[in-house]
Amino acid sequence: MPPKRIAKRRSPPEDAIPKSKKVKVSHRSHNTEPGLVLTLGQGDVGQLGLGESVLERKKPALVPLLQDVVQAEAGGMHTVCLSQSGQVYSFGCNDEGALGRDTSVEGSEMVPGKVELQEKVVQVSAGDSHTAALTEDGRVFLWGSFRDNNGVIGLLEPMKKSMVPVQVQLDAPVVKVASGNDHLVMLTNDGDLYTLGCGEQGQLGRVPELFANRGGRQGLGRLLVPRCVLLKSRGTRGRVRFQDAFCGAYFTFAISREGHVYGFGLSNYHQLGTPGTGSCFIPQNLTSFKNSTKSWVGFSGGQHHTVCMDSEGKAYSLGRAEYGRLGLGEGAEEKSIPTLISRLPVVSSVACGASVGYAVSKDGRVFAWGMGTNYQLGTGQDEDAWSPVEMTGKQLENRVVLTVSSGGQHTVLLVKDQAQS
């Protein structure tokens, strides 16, 4: 009898508790189509994944060791890839732990290496020095660190970075993760937005300006403990629920279930579509995106500009214009409202790097524009492109482009052979 009593008292291990409630999460942002990974641009810290001898690529190059990849994301100086079987691979700068794996063997950060996670992952996101992974049952694992203007602020605990994945404690299952340079946004299946990381520019949407610098008197816990972005719903007692969220470097876009576009964070060049250039510390209902004929389906933000697309496959840009990053043609100036990029075919997705923009066309071609300095445009030259240029190269022949993602100095493409499409 006594052993039975002991057994009764024993509480189940923590990770076993939610099993009864486990759900398989889904969201339209989860990619399931497998492909090959191509990289281009600067790779001096291994972010191209091509080994120690390749520090630059002017045209897309095939990353070896990676097959059946369904998502390829460029962080600031690292790259994260998700395989069809739900495993995560990383390469690039690991100074702050953004790779989530041991890179003590010289050169091991320059080629793809597996991140040890027991769970099947369905989505990844990457910032300047952090990476997030969303599991099929809606849990989020995070590694690396967040920084502000004064340096490292920590990851989930003040001043502590993590070189390996740690679980983010949240009650609700998450369906999507998105990363800015130094903040993370998590969308739950209930339509709530949780944010954490640096809040200096308002990008968390829940920390007043007074406390945005290192959390004020409450300290960094205010920033690093994920909390919900609360926004009262007009005319009802409830709060606004969201269906999607996207990040720029220092700002966030969120689309409500009713289709309204909200934004918060840095808008010093009107990159949020706000009439003014002040930072927004609470979500703003962005009237510049109100148009009864359009629904907005995709956003991507660089350092000071935004590229977005509507449900008809048209691409638009707004924000800072230097170096041609808006793709609106020679001499274009700053835009405070979404402005049609007319020289593009129908697009299926858009993306931004720090000072560049991209669009993938419905028929699988990729177009690039903006700053040419880092060879991120795939033109083979370092000149800026003020209008979209179709990317070409040996590795793009007889292939269709599925997605594009861009970091500070490098760009990552997911492609597949034409015969398979």
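Any Cβ shown, glycine's included, is placed from N, Cα and C.
In Swiss-Prot this protein carries:
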type     : residues : note
COMPBIAS : 1-10     : compositional bias 'Basic residues'
REGION   : 1-36     : region 'Disordered'
MOD_RES  : Pro2     : N,N-dimethylproline
MOD_RES  : Pro2     : N-methylproline
MOTIF    : 4-24     : motif 'Bipartite nuclear localization signal'
MOD_RES  : Ser11    : phosphoserine
COMPBIAS : 19-29    : compositional bias 'Basic residues'
REPEAT   : 34-84    : repeat 'RCC1 1'
REPEAT   : 138-189  : repeat 'RCC1 3'
REPEAT   : 312-362  : repeat 'RCC1 6'
Helix, strand and coil residues within the repeat 'RCC1 1' (34-84) as assigned by DSSP: 0 helix, 27 strand, 24 coil
Per-residue pLDDT averaged over the motif 'Bipartite nuclear localization signal' (4-24), given as an integer: 51
Counts of helix, strand and coil residues, the repeat 'RCC1 3' (138-189), according to DSSP: 0 helix, 33 strand, 19 coil
